[in-house]
Amino acid sequence: MLKKIGKALRVRSNTGRVLLAEALGTFILMVFGLSAVAQVVLGRGLTGHYLSINMAFGIGVTLGIHAAGGVSGGHLNAAITVMEWILGNVNWRQLIAYLIGQFLGSFMAAATVFGLYYDALYFYTKGNFTVTGPTATALIFATYPSPNVSLLGAFFTEFMATVMLVLGIQVIHDEKNYAAVKGIQPLLTGFLVLGIGLGMGLNTGYAINPSRDLPPRIFTAIAGWGTEVFTAAQHWWWIPVTAPVLGCLTGALIYRLFIDFHNQPDEETGNKKEPRGVETS
């Protein structure tokens, strides 16, 4: 019976499978990350700290890539997808499927965490959901810059953090260089995100991903925080959407200029590399 149901529900379109995989992978990533932020904020620092948020996002990235990687490659990030599209690795149908899947998964994760912590949210805010102030809770779902950071400084932070993200991803996956073992790549990517959070999270909360920031922001606008989520901090919302895309493209260019363009195949250089002995992805 289960086999018949599975056969009837099976999606045969590769584009459809990509959409579903990205939705689930992004959902896993965001539930881990947002629930950790909620626990730290609503617990007033007694049930977690900044490190626990970084670790939760790293764990979420690792598990999300494991969930989606075999089907879609586990982008889980609109900026990565747009970069792959510009580089010609993704066609426009796949681009749309990736983006819809990521945004759907992220939006549903925000709704899930909202339901999970609704009672705690209500108790913490006395029913008054605010974007700023001593009991602000919009920051649980989307990123906001520190009060002492200018828009230019915030943009540069998001840009550079995403440059480092893409450089790290290229290092982990480049088969012509010294790629990581296939099964450990998602774990290393999780550590990469953890490292970015530990070193570059102070100014902006390291969104580094439009899929991580925009759908939950839209959810908060609907769920009671209002349109202030788009006007707060001098209309900050567009920076986590645009800066990561530019950062991804810049990071990819830097890696090619310093490594990829000069790393010729063995048959051209005549220099045999030491065999790795394992399959890499």
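Backbone N, Cα and C define each Cβ position, glycine as well.
Straight from TrEMBL, the features:
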type	residues	note
TRANSMEM	20-41	transmembrane segment
TRANSMEM	53-74	transmembrane segment
TRANSMEM	95-118	transmembrane segment
TRANSMEM	151-172	transmembrane segment
TRANSMEM	184-208	transmembrane segment
TRANSMEM	235-255	transmembrane segment
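When Cβ distances are compared across the two stretches, the transmembrane segment (151-172) makes no contact with the transmembrane segment (20-41), since fewer than 3 pairs at least 6 residues apart fall below 8 angstroms. Between the transmembrane segment (20-41) and the transmembrane segment (95-118), three or more CB pairs separated by 6 or more residues in sequence fall under 8 Å, so the two stretches touch.
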